[in-house]
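Chemist: Quick one: the structure is below, questions incoming.
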Amino acid sequence: MPVGSRKLSTRAVGIQAGANHPVCDRDCDSVANMTDEVSCSPTTFTSRWLRWLIYSLIWLLGVLVVRPFTFISFVTKPRSRRVPALDNPILTMKASSIAAAIRTRKLRAEDVVAAFVERIKAVNPVVNAVVDQRFADAMQDARDIDAKLDAGDESIADMPLLGVPFTVKESIAVKGLSFRGGQPVRDGEERCAREDAPSVARLRAAGAVPLCVTNTPESCLWWESYNAYTGSTLNPYDTRLTAGGSSGGEGALLGSAASIMGLGSDIAGSCRLPAFFCGVAGHKPTPAVVPWKGHAPECDDPRWPNFFTQAPMARYVSDLPLALKVLAGDKAPQLRLDEKVDLRSVRVYYIESEPSSACSDRVGAEVRAAMARAVQHLRARGLDVQPLQLAGLEDAFGSAAIAMLQLRRVHTVHYDPARPDSMHRAWPELWRFLTCRSRSTLHSVIAGVLFAIATRTPERLVRAADAHRTALGARLEAALGTDAVLLYPSLPEPAHRIGLFWCKLLNSSYLMVFNALGLPVTQVPLGLGQSGRPVGLQVAANKYQDRLSLTIGQELEAAFGGWVPPPSKE
């Protein structure tokens, strides 16, 4: 039986219909006077022809420009390099197990940190993930932990991440290390962080030891990790492929067993995409639960934390609840992460692909097969698993993009403190780029132009996008309630050639939709597909129900093995 062939449950049909949904009807009335370019209905705010025009333009860009250049680059590159084989069992342990072993003196913190430092040194020449490091200081931190334990110091005995090494995206402040978010450093600016970000401070207070900061695209403004200073981060499973972005350095180190726990960020899938491409786990928490301060670029817009969050990443899904509890601090009780979830009490919905009327690509065979395996396993475990047809999903990209482009005062290279709400620097930067005088990357320049154009978005279109997003969120939240999750594709296909995201830009809607709706979502690795590339899927839940997506994620990880070491031989 095909995955999507089972009859919808009564509740799912009610959500699908949605014609009399009060939020939807009210929102539609509020935008009834829009132009012909924006059609008003209970489910969408753009006409089909406009969506297909956008799709066609991106397709032409790919056929005429992007694909030829990336193909030439792919075939002319040397054969994919392999990361070294794993030779230390410490490297494959879970973070929780490492902390327990150090606490009970079965392992010394110094040996653990040394193992990961040596692994980073071995794999970084292959994947190019590290921007700056504190290896000597990390070793001293580990020796201090061992000395306190040897002396019977009880003050550190209950630290949940005692001695666990972790790595950090370079856009998040680690005292003394590079902190520019891949951006060019202006005259007079400091390159290094003066203090830890609150999230890093919480991990340190829990006993964890930071090792290094990792690569990100300029201003975190792209789904591949490239900037003019560090270059491209490569995928450990095939170095001709992208590691994703913007937390690509974290994904590459975690996937190559050079890190056990990482700290990334997520505003449009920036944590989940690299986790998907590199075969590891990541979790975008409920908004405003994890501190967002101490990030470059920062943003003064009060709407920023609705979309943006710092996010834990890990080799294993089972380590994410522990990391999230530490990062959430005094807000952790709202997530009830310590409550044991009865697996069979969780209802499961799934969506195989965005609808054919959307701008994005349909899901390919490898990702579809991973979804089918997950659905079949959860049904075999006795869970109620049903397909969901979510009205309005075809406009997920449009409403999410418009909402995010309305953010102001984002401190990129286009930001002017004298005119914080203006993007007037974007156009001169574009001219400098075209005349080969810009220090910025093409991704950052184009993003600035889009933000500048967005300042002139007609108010009626902004209202329509907000209304659509509100209605879509209300439908999905009604479906999920407090006891359900949604299985959703991460992207239509696994990792692709570096540079190819230019013609796959619209596929980011699979990731952005959960930022736009403010829902927590877990990226779950499901091993390797037929091509040898990692596959996985997203598990979303309602706000403050993070424990449900994490529970289902751990079940799927246990069933299908989760992370698989990258090949070390040709």
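Every residue gets a Cβ built from N, Cα and C, even glycine.
Dumping what TrEMBL says about this protein:
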type	residues	note
ACT_SITE	K169	active site, charge relay system
ACT_SITE	S246	active site, charge relay system
ACT_SITE	S270	active site, acyl-ester intermediate
DOMAIN	111-548	domain 'Amidase'
TRANSMEM	52-75	transmembrane segment
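I'm curious about the neighbourhood of these features; can you describe it?
Modeler: Residue environment of K169 (active site, charge relay system) contains 33 other Cβ atoms, counted within 10 Å of its Cβ in all protein chains.
Its Cβ taken as reference, S246 (active site, charge relay system) is surrounded by 36 other Cβ atoms within 10 Å in the chains shown.
Around the Cβ of S270 (active site, acyl-ester intermediate), a 10 Å sphere holds 33 further Cβ atoms from the protein chains shown.
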Chemist: Would you kindly give the Cα-Cα distance separating S270 (active site, acyl-ester intermediate) and S246 (active site, charge relay system), rounded to the nearest Å?
Modeler: 5
Chemist: Rounded to a whole number, how many Å is the Cα of K169 (active site, charge relay system) away from the Cα of S270 (active site, acyl-ester intermediate)?
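Modeler: Here the two Cα atoms are 11 Å apart.
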